[in-house]
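One structure coming up, written as structure tokens, with questions to follow.
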């Protein structure tokens, strides 16, 4: 099958090229010093500006992406991926081969550098001695940078200027002070600046400096054509120490590298492309490191060859070279290239990378670390959790010192208060007010604050859940029918359940969490999200039923709705009729007139219904959808193109709070009497027949204390599953948490709080999935865009204990904030509920796969699992998840909801059974692979045997012969040049 490759022209070369071997040696050398600094690269070309003498004009610049000066010369282009011609790279390689290379040159000025270069070329015979002065005169010409801006500025630019510190000193008398202040800030960011350099005011005020990384160095590229040279003048210089070279660079950054290309007339475009090629190479992460560590010409050439090995050629007739390629949302790391150079797996084109089990490859999920290992010791996992979290306890408080934390507190507080009021009201109806709204507030504040202060994962938010409400209703009805003391019966169930949970903690039962794959997590998370969305609409429909829209309402017939017409100043209808001949009423009275007739005859409308308009429901839905839409829009505002980055980020962080304030203002402005948030104003139990302490004995027979163990088993399963699944979702490795998890510690505090709440007659609390996801989403951290065109990188979540603790403290103080909270319309808070439910579905692969069911194949997104798993298998996997979700929804909505926790546990069994329906290859992309699988071990052994076989047998035995096990053929650029093609000599290609 591959016999054609035996032809002398086609040689299967080794996967590691000679260039890669040399670079492996260069990059693998021990270097105890700091990593090389980032580079700012500037391309200057020798041009005639405005018809005057030739001077160096800046035409492009790089940090990570290329920016060009637009043809009009008034502004910079958008950052874009640099596209190079293959010919320019070969020409650059030829320049490095034949030009002057000076590494670790000791020089302090541009004039000294130019003198050393010209003297070297004169000595080697590359430059005539009589041309030295002309070359030096040309290279030392003035440099004109693209710092001029149009007089027409956007509001964003004006806002930046106004907010700039230098504007404080913009007056003439404070001009020197402004320059001194800016210079001081510059020296702080770049402490290695030469004290002998005095930058111009324009370069100091250049706002592009904010995009230049701290401690960056410059790489200057000078290319141009002159009429006094017959052959190119080429030099590549690396200074031993970076030096400020006057006005050579646009921003005051010291120069480390210098590339010079002067050539004869007529090849300006070629020189320009060579300059772009070396500038792009200097911005490449691998070549950047090589340039700093190179010890000779050969190392630089090896770096170019390695770059050429990774170059992807686009056919000229299949794309438009005028189109600028937008920077990717996430920049691929150069680690894969470096790993390959170091002898690892090679890259494959068009995204055909080998599957490594990463999140992008399908499952992702939670890594099985020390948190989930079975220790085999009494409370071994709990002790490890305490040891793991204790060193971070102090940082859990000062890490919250950020404006983002305030936004998270306000947002989660309003969601928590709304949930507490809703749950408290339903609980009061289910238990005849033995537990009500106030108990819900006190329990939420107490349990939540203690958990956030001492638990292993303080980002988790505790709340009461629907299954707990169903259990409370059934328990109350059972106690009422059998004449049991409900609170005492409930106390013993809580004590037994807490005891069982503590047994689970002591025996390291949380290690079972590693069997909760994405299938279980997303199934549970999607169910809770759908419940939030469903409840938001259900509450709005209930509001519409309470305030119905009267479709038969006629404003002119308002007198029929409790409003009547009264005569002015006691006049009778007869007297008024005599005074007016406009209309005759034979048997009319004032009370029988319509609204328009009453106003026409000068009457007065009397009654509370005279101003009634049936628009409460309409206004409520406007507030409901308006809050949701505004929250979604403002949350995405940070990726918009309006306003400076700081303003966009601030608006995005406070998106939900701003949306609530906006529509509270709309409600107050319109003045419609929409339902408002009502919280208890007195601190006392809802029922007068109970206190704040539940006695454990005396209300029920002794055997009830033992029988309570049976219902306690169901409660234990509910607490364990709900708490640990939410903890797994919170601790997913996509969130990049740095301080570790604490599954055993979390369950321990849930058990302790259950004992306290049972004795006080308060609701039981467990992790709230949707609110916890919203909490994490509000605390996500991103990098500031350092390089133009670079998208912000997700750094992780602000891990701390302050936001959760403050949320629950404010919840407890809400009783005293009733005069303020009463102005918040309930439809606005229902809109926040809808936002939380929808937002928690973001990033859930289950939702992406549901959309695939409605998409034709040609319109489906390029998802990694679609490349490796047949579409019918993806749909079958989705169908199983939909079936499980529907079954859980039916159970939740019926009397059988009491076995809901058991059915959640059954999801793990369903996922286990899927190992016999799907191959491990498919599951590795569609879900997390469950640990310790015999089937997976067998497949791994089978793969190892295949690797030992021949290529032909490999192709025959493979399950995917068209995709897998095809050996990659890597042809290095060095070998291409060593082997003549069609009799062409290397010299012929120069």
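Placement of Cβ uses the backbone N, Cα and C atoms for every residue, glycine included.
What you see is a predicted model, and the numbers here were worked out from it, not measured in a lab.
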Which of these ranges is annotated transmembrane segment in TrEMBL: 802-821, 922-941, 942-961, 962-981?
802-821
Pick from 768-787, 828-847: which stretch is listed in TrEMBL under transmembrane segment?
828-847
Kindly point out the range from 616-634, 635-653, 673-691 that TrEMBL annotates with transmembrane segment.
616-634
Do the transmembrane segment (702-721) and the transmembrane segment (879-910) share at least 3 Cβ pairs closer than 8 Å, excluding pairs fewer than 6 residues apart in sequence?
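Yes, the transmembrane segment (702-721) and the transmembrane segment (879-910) are in contact.
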Grab the pLDDT values for the domain 'Band 3 cytoplasmic' (38-321) and give me their mean, rounded.
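Result for the domain 'Band 3 cytoplasmic' (38-321): average pLDDT 78.
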